[in-house]
Amino acid sequence: MTLLDSDSRQSAEVLPAAGPAPDRPRTYQVRTFGCQMNMHDSERIAGLLEAAGYVRAADDEPADVVVFNTCAVRENADNRLYGNLGLLLPVKKAKPDMQIAVGGCLAQKDKGDIVRRAPWVDVVFGTHNIEALPVLLERARIAREAQVEIREALEVFPSTLPSRRESVYAAWVAISVGCNNTCTFCIVPSLRGRERDRRPGDILREIQTLVADGVLEVTLLGQNVNSYGVDFGDRQAFAKLLRACGTIDGLERVRFTSPHPRDFTDDVIAAMAETPNVMPQLHMPLQSGSDAVLRRMRRSYRKEKYLDIISRVRSAIPDAAITTDIIVGFPGETEDDFAETLDVVRKARFAGAFTFQYSKRPGTPAAEMPDQVPPDVVADRFARLVALVEQIALEENQAQVGRVVEVLVAEGEGRKDAETHRMSGRAPDNRLVHFRATDARPGDVVTVAVTQAAPHCLIADQVLGVRRTRAGDAWEARRSVRPSGVLLGMPALRPRT
């Protein structure tokens, strides 16, 4: 096993894929766990592999290379990875030339321990060096030993790498990586590093390239998007970036995730309200409604500030759909603390919430805190929270019945579309809408009247119109001729030493 640290300067040049059959390129599959940033990075991993000569494996065939892009936020992330690795062991025994690579946050955290626990893994790479993957795969193949390379600092911004996007009509655009916050439950800053911001011009050029390729919607990504600009000393940079997105011809929808309440300022609210293609949607993590718990979480805002932001957003954008993240059972949480969380949920009237039972993560301050809440108490509170969230989400969705909305048709959003003879997509406020099937293509825009509501979706049995778009044209073109990769920039590669 080879372990390379952040001082290593080996080449990251893209090498051709080698395989047992010279007449057949090696195939790959990328499996992604975790957040939107991981989805973004997985598209870059796929782009790197395709630039190196690999081709995407068909769904019904075992891949020559399987890459896991992992998450480390919750305890079950470990179990999920090692469970999947265990399932691949007999496959690899039957197919010795198969290679398995593990990247992402869990790889950054566990490093060589992954190979010790699963010695059939060929490559381990971290969050700071995804550009090295093709070289590491080739080196592992030639050396017949695992290659473990973890760096402690980012050298190549992932957004400059080749990309194989999953969607032709919507795209992730990273505006920053890393995080300067120190939430006591979160391990991400230690794995992704401190915040580093891309320059606005680079971001806007990437978006313009995406739009030229047919994209209608972009989602701006960062661990804390509204602290964007701290790296180059402009506290209003995020609001300026939103307004600049409004000047790009052909860009119909702009979203962003995730902001931090501490940095949510009036200039951002004004930019959201005054930029027509910034969608009336906000996902802003609450985590807890108790000031005492927020203090222990080191969240640097309190209940009333959070509710005040919600009020100001709704005053400027009355139709905004607001969603959130909530953790139940944080160490020391009392029944009174939990009641404060329920109170915020009732007052904020979220359109939806991602709810989590607190998961102890080794290496975080919260893992060492006293007064860990018993699992049965956590489970009871979690069930009560979910029931309230779903009740309010249903009521908020029922208020949408009768409204006419434009839906960007999506691919794969509705699991039951085939049996219900419906298609699915997203309204401007990001609500999921299932509508009566038409000849619309993914990427087209349909105008529908909402006829029914459920906690997690809207149903529209009345389709009023279909607008064919260049995004739909791009989807149709990709379906007929599957491209080998989509380049959004030239890789910034280090020379061989």
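Cβ atoms are placed via backbone N, Cα and C, with glycine included.
Fair warning: this is a prediction, and the values are worked out from it, not measured in the lab.
Quick look at what Swiss-Prot annotates:
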- 1-10: compositional bias 'Basic and acidic residues' (COMPBIAS)
- Cys35, Cys71, Cys105: [4Fe-4S] cluster 1 binding site (BINDING)
- 165-395: domain 'Radical SAM core' (DOMAIN)
- Cys179, Cys183, Cys186: [4Fe-4S] cluster 2 binding site (BINDING)
- 398-464: domain 'TRAM' (DOMAIN)
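Cα-Cα distance from Cys105 ([4Fe-4S] cluster 1 binding site) to Cys183 ([4Fe-4S] cluster 2 binding site): 17 Å (rounded to the nearest whole number).
Between the CA atoms of Cys179 ([4Fe-4S] cluster 2 binding site) and Cys35 ([4Fe-4S] cluster 1 binding site) there is a gap of 14 Å.
The secondary structure of Cys105 ([4Fe-4S] cluster 1 binding site), as reduced to three states from DSSP, is helical. Cβ neighbour count for Cys186 ([4Fe-4S] cluster 2 binding site) (all protein chains, 10 Å cutoff from its Cβ): 21.
Each residue in Asn181, Thr182, Phe185, Ile187, Val188, Pro189, Gln223 lies on the same chain as Cys179, Cys183, Cys186 and has a C-beta within 8 Å of the C-beta centroid of that [4Fe-4S] cluster 2 site, without being one of the site residues. Other Cβ atoms within 10 Å of the Cβ of Cys183 ([4Fe-4S] cluster 2 binding site) number 20 in total over all chains. Separation of the C-alpha atoms of Cys71 ([4Fe-4S] cluster 1 binding site) and Cys183 ([4Fe-4S] cluster 2 binding site): 17 Å, rounded to the nearest whole number.
Each of the binding-site residues Cys35, Cys105, Cys179 was scored by the number of other CB atoms within 10 A of its CB, and the lowest score belongs to Cys35. Its own atom aside, the Cβ of Cys71 ([4Fe-4S] cluster 1 binding site) has 21 Cβ atoms within 10 angstroms in the protein chains shown. Comparing Cys183 ([4Fe-4S] cluster 2 binding site) with Cys35 ([4Fe-4S] cluster 1 binding site), their Cα atoms are 17 Å apart once rounded. Residues Cys35, Cys71, Cys105 make up the record's [4Fe-4S] cluster 1 site, and a Cβ search at 8 Å around their centroid adds Phe33, Gly34, Met37, Asn38, Thr70, Ala72, Val73, Ala77, Gly104, Leu106, Val188 from the same chain. Spacing of Cys186 ([4Fe-4S] cluster 2 binding site) relative to Cys35 ([4Fe-4S] cluster 1 binding site) is 13 Å (Cα to Cα, whole number).
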